[in-house]
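Under the heading Mn(2+) 1 binding site, TrEMBL lists ASP33, GLU57. What TrEMBL records for ASP85, GLU88, GLU213 is Mn(2+) 2 binding site. Under the heading substrate binding site, TrEMBL lists GLU88, GLY89, THR90, TYR119, LYS164, PRO165, ARG166, ASP186, GLY187, ASP188, GLY210.
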Amino acid sequence: MKRELAIEFSRVTEAAALAGYKWLGRGDKNAADNAAVQAMRIMLNQVNINGQIVIGEGEIDEAPMLFIGEQVGTGQGDAVDIAVDPIEGTRMTAMGQANALAVLAVGEKGTFLHAPDMYMEKLIVGPEAKGAIDLNLPLADNLRNIALKLGKPLSQLTVTILAKPRHDTCIADMQQLGVKVFAIPDGDVAASILTCMPDSEVDVLYGIGGAPEGVISAAVIRALDGDMQGRLLARHQVKGDSAENRRIGEDELARCRQMGIEAGGVLKLDDMARNDNVIFSATGITKGDLLDGIARKGNMATTETLLIRGKSRTIRRIKSTHYLDRKDRTLHEFLL
């Protein structure tokens with residue numbers, strides 16, 4: 001991919017973040033997501049790429065989405081695969097809480113895992129613990145192996161996990177081992193990146209979240225030389241075996257079979273992001289551990305974007321000031 005595309009993709013996540021911010025604190029996560037989706041689609045279609053959405057978001061939450069297989073871009077230029085999450089943290093945006101982001105990852109054609117929008121178990125570490133993880137082993141064994149690789153006792157190991165009922169037993173077990181556990185309400189993409197940041201105390205991300213976020217995390221972890229394994233899980237395996245969850249879960253498993261993917265098998269980093277020629281962009285909506293949030297005063301707004309180019313392993317933080325009425329007119333209804 002041409003390196004000039006990186007700045008174009010930063011504009012895409014900036015627009016999505018600004019559109020989602022309009023709905024900050026209004027209690028309607030689907031309206032926020034819809035605005036971010038529409039703004040992201042408009043901006044993607046202005047970029048000189050022949051792009052395809054290979055993993056999107058929305059089906060799990062019955063929300064609007066950039067759908068899997070959707071063609072985006074002008075149709076000219078590089079052929080690329082795109083994994084999107086127009087708002088990672090729709091509920092956090094709706095409730096005015098921290099750590100909401102607009103994110104996307106872009107790779108050469110064939111780079112990313114193609115999978116249905118479903119759940120994924122994830123285990124992620126930074127570069128210093130690379131090679132120490134194996135989802136086929138119990139979590140306790142993985143944590144011991146990671147601590148050994150990092151040269152620290154379990155009592156100094158820090159694990160981030162989503163604060164969901166499905167993780168209650170796991171959290172208690174980790175705390176029993178003496179591990180420090182940071183339980184966050186949402187936002188495992190940001191948490192996964194923190195495992196690779198030298199100024200972060202997060203050593204590990206573990207837990208079950210969305211597959212779209214998993215593939216996006218894989219892209220940025222590959223770019224930052226970390227390590228990750230994942231496992232696709234059907235809805236009824238995660239949310240309880242009700243008739244409705246079983247119906248949705250069986251449909252997810254059928255789509256996996258159609259795509260040639262073995263749900264339940266361990267996916268290594270190379271299976272999810274096949275090379276490091278990727279571009280990752282994230283723009284903060286609300287202030288968080290990774291990025292500042294948007295500040296808006298009248299017609300003017302400021303954003304902070306994290307832009308990572310895997311091929312050169314360049315990490316940029318971009319502070320931008322936007323005059324919203326000067327944006328493309330097709331964006332006005334979502335921004336103003």
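Each residue, glycine too, has its Cβ placed from N, Cα and C.
What TrEMBL annotates, mapped onto the structure for a quick look.
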{"residue": "ASP33", "record": "Mn(2+) 1 binding site", "CB count, 10 Å": "27"}
{"residue": "ASP85", "record": "Mn(2+) 2 binding site", "CB count, 10 Å": "31"}
{"residue": "GLU88", "record": "Mn(2+) 2 binding site", "CB count, 10 Å": "27"}
{"residue": "THR90", "record": "substrate binding site", "CB count, 10 Å": "27"}
{"residue": "LYS164", "record": "substrate binding site", "CB count, 10 Å": "17"}
{"residue": "ARG166", "record": "substrate binding site", "CB count, 10 Å": "14"}
{"residue": "GLY187", "record": "substrate binding site", "CB count, 10 Å": "25"}
{"residue": "GLY210", "record": "substrate binding site", "CB count, 10 Å": "24"}
{"residue": "GLU213", "record": "Mn(2+) 2 binding site", "CB count, 10 Å": "24"}
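For GLU213 (Mn(2+) 2 binding site), the nearest neighbour among the binding-site residues THR90, ARG166, GLY187, judged by Cα separation, is GLY187.
A Cα-Cα distance of 15 Å separates ASP33 (Mn(2+) 1 binding site) from GLY210 (substrate binding site). Ranked by CA distance from GLU88 (Mn(2+) 2 binding site), the binding-site residues LYS164, ARG166, GLY187, GLY210 have GLY187 at the top as the closest. Across the structure, ARG166 (substrate binding site) and ASP85 (Mn(2+) 2 binding site) place their CA atoms 22 angstrom apart. ASP85 (Mn(2+) 2 binding site) sits 20 Å from LYS164 (substrate binding site), taking the CA atoms of both as reference points.
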